[in-house]
Amino acid sequence: MPLTWLILFLFALAALGFIAGRVRAVNSAGGDVRELHSLPNYYGWNVALTALVPALAVLVVWLFVQPLMIERSVSGMIPEELIPEGSQRSLVMSDVRRVAHGLDMAVRQGALSEDDASDIRAGFTDLRGRLADVGVALGSDVRPEVLSAAQRYRQLNATGTLWQSIIVAALALGGLTLAYTRTHKGFRARNVVERAILALLILAASIAVLTTLGIVLSMLFETRNFFGLHSWSDFFFGTTWAPNFRGDSELSILPLLWGTLYISFIALAVAVPVGLFAAIYLSEYASAALRSFAKPLLEILAGIPTIVYGMFALLTVGPMLVNFFGRGPDGVLGVDWMSGATSVLTAGVVMGIMLIPFVSSLSDDIINSVPQSLRDGSYGLGATQSETVRQVVLPAALPGIVGAVLLAASRAIGETMIVVMGAGAIAKFSLNPLESMTTITTRIVSQLTGDTDFASPETLVAFALGLTLFVLTLGLNILALYIVRKYREQYE
Amino acid sequence: MKDMSQIANAVETGTNKISARDVNVFYGDSQAIKGVDVEISNNTVTAFIGPSGCGKSTFLRCLNRMNDTIDICRVTGTIRLDGEDIYDKRVDPVQLRAKVGMVFQKPNPFPKSIYDNVAYGPRIHGLARSKSDLDEVVERALRRGAIWNEVKDRLYAPGTGLSGGQQQRLCIARAVATEPEVLLMDEPCSALDPIATAQVEELIDELRENFAVVIVTHSMQQAARVSQNTAFFHLGELVEYGETGQIFTNPQDPRTESYITGRIG
C-alpha cells in the first residue's frame, strides 16, 4: 500500500506544482500574459514535471534494485550445507521469500504481533502450522537458518521501503521548490517542456529498440546453452530430425528448413501472381468507385486471424485436395497420391491466400507512387494502357514490388498457425507437395509445449531454431527495405 | 533579340493541318473551354498564351485526346486532323496519339536507358524491321532532338541520369521517333534553366520543317521568339488568334493588349 500512497502523493504534488507555477509566472508578469516568455501553462508544466519526473525515475530504479540488493545480502546468510543435493540456492531463497511473505500475512491478519514476527524461533513454535492458518502453505518445516534469513529479509525490506519513500518524496519536493523559485517571466519554460517531450519520444523509441535487443540476447544465450549440450555440426549439417528423451536425439535443422522453404515457395507462387495482378487491376484499370469498394474488401483478408486460416486449411482445403489427388478410384482424378489432409500443398495454398492482400496492398501503393507523368508520357507516344503498364509502370515499380515480395516471403517463413494445422509433423526431405512435412515454426511449438525440461537439448533446440528463423527473416527484411528505399529515392 | 526571331520566323508556313470548331470542354459541371475555333497550319509553330488556368493546356490536350484519360472530362465540338474528326467513334485514340505526339511540362524520361526511351515508340508501333533499322531510327530521332552528340557515347546509360535540359530534349527526341505529324508541347521549357531553354527553343524552330508544332507557354518572349502564329486564351475563351508579330505589336482585342503589356495575368 505505501507505494500507492507514495505515487498518489507525487501526482498530488505535481498538480499542486502546476497550479503554483502557473500562478507565480502570471504574477511575475504583473498579470499581463504577453509579458511572459512562454504561455502560462508551460510554467505550470515545468514545475509539475520537475517535481514528478526525477522522483518517479528514482522510484522505478529503486523498485528494480532493492529486491536484488536484499536478495544478495540475505542469500549470504544461508549456509552451503543447507542446500540439498541436486538443488540450487535459488530454491532455498524462494523458501525464504515465502516464509517472509507468510509472516507479513500473519501480521496483517493479526495472527502474530509485529514483535512476535521478528522474535519468533522456529524450534519453539509451530511456525508451519501457524502460517498454514493464514493461508501460506510450506513444503516442510521451517529451519532456523531459513527463518532468520526470512526475518532479516522482512527487516531489510521494511527499511528499504521507508528510505525509498523518504528519498522519493524529498526529491519531488526539492524539484518542485527548484522549479518554483526559477519560475519568472523571463524563464524559458516552453523550451524546457519541449525538451521533456523530446525525452519522452526518445524513451518510447528506445523501449522498442531495447526490447528487440533483449529478445535477441536471450535467444543468443539459450542458443549457446544448446550448443553446449548438442553438437553444432549435427544441428546445421545433419539430415535427421528425431528428438527423443533417451539422450541421443538427432536435431538437425535442415529437414525443417527444407519444409519451411518449400511451403513458403508454394505460398509465394500463389500469392505473388494473384496479388500482383489484383494490384495492377485495382490501381490501373478499376474505376474509383469499384476501387474504393474492392480495396478494403481485399484487405479484410489481411485481418483474418491465422488460426482461422489454419482451420480453413485443415477442414476445407485439405479434404478438397485429398478428393482430387487421393482416394484412389473414388477420387476426382482416380489416383492415390495423397493420404491425409495435411500436406505441403494444403499449407502452401492457404498461406498463399493469406499473403494475397499483403502483396496486393504493398504493390498497389508502389504502383500508385509511379508518377502520373510517366504514364502520360507513354500515352502521349500512342501506347495502349496495357503496353504502358507492362513497359513503363511495372519496370518502374519493379524494385518496390520485389521488396514487397521479400516482405511477404519473410512472413511466410515465420508463419506458424497455418503450418501447425495444415502441414503435418513429419520432418523429411521430399519433393512431393502432397506429402506432409514440417517447418521450423511448428517444431518450436511442439518442443516448447507440454512438459519441458529447460536443461535438455530437446527443449533448448527451440531457441536455436528460433534464432535461425530470426536471422533468416531479419536478412530478408533488411534486403527488402533496402530495395524499397533505393526505389523510393528515384522519384524525390 | 526581337529582330533575330523575326528573321527566323520568316519561313513559309504551310497548309492547314488541324481545324477546331466550337470546342467546349467540361470538367464535371465546370466549363474549362468555351467555344474555341482554331486553325493550325503545317510547318508552323503555333503558340498558345494566356494567364494560368485559362484553358490553354486543356485545349492542347484535346488535340490528341489526352483528356480521355481523365474520367470527368467531356469534350464537345469538332476537331479535324487533315479533315478527319478525331473524336469520331472510328478513331482509335491510341493511333491518334502516335500521329499527334506530345512533350510535357516536366521532363519525364522512362526509367530505362536513353536508347530504350527513344526506341519505345518505334517498338510499340513496329516502325523498325530490324535491330540495325531501329538503331538508325533512334540515331535520327536523337539527332533531330539535338542531343545526339551529348549522348552517343552512353546510349545505354539511364535516361533519368541526364540533366534537366538534356532530359527534355530526350523527351522531344522520343516524341519525334514515332514520326508524328503534329507535335504538341505543354510548357516544355518551364522546368529548364535559360541555357537549356535556348537550346530547346532552337530545336523547336528546326522541328517545324517536318511537323506542325503547337506550344503552350507562359513566357510571352518565348512565344514571340519561336512562333509564327499566336492564340491568346482568357478564362476558357479564345480571345484573339493571328500572326505572332501582329498579336504582339498590334493586338485587336483590349484584353490581349492588357495581357501583353502586363496588366492582367
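Cβ atoms are placed via backbone N, Cα and C, with glycine included.
Since this is a predicted model, take the numbers as computed values, not measurements.
Quick look at what TrEMBL lists:
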type     : residues  : note
DOMAIN   : A:257-480 : domain 'ABC transmembrane type-1'
TRANSMEM : A:41-65   : transmembrane segment
TRANSMEM : A:162-181 : transmembrane segment
TRANSMEM : A:196-221 : transmembrane segment
TRANSMEM : A:256-282 : transmembrane segment
TRANSMEM : A:302-325 : transmembrane segment
TRANSMEM : A:337-359 : transmembrane segment
TRANSMEM : A:460-484 : transmembrane segment
Using Cβ distances below 8 Å and needing 3 or more such pairs, separated by at least 6 in sequence, tell me whether the transmembrane segment (A:337-359) contacts the transmembrane segment (A:302-325).
yes
Other parts of the chain folded back onto the transmembrane segment (A:196-221), taken as Cβ under 8 Å at six or more residues beyond its ends:
45, 49, 53, 463, 466-467, 470
Under an 8 Å Cβ to Cβ limit, what residues of the same chain, 6 or more beyond the ends of the transmembrane segment (A:41-65), are close to it?
3, 6-7, 10-11, 13-15, 17-22, 24-25, 164, 167-169, 171-173, 175-176, 178-180, 183, 187, 189-190, 192-193, 196
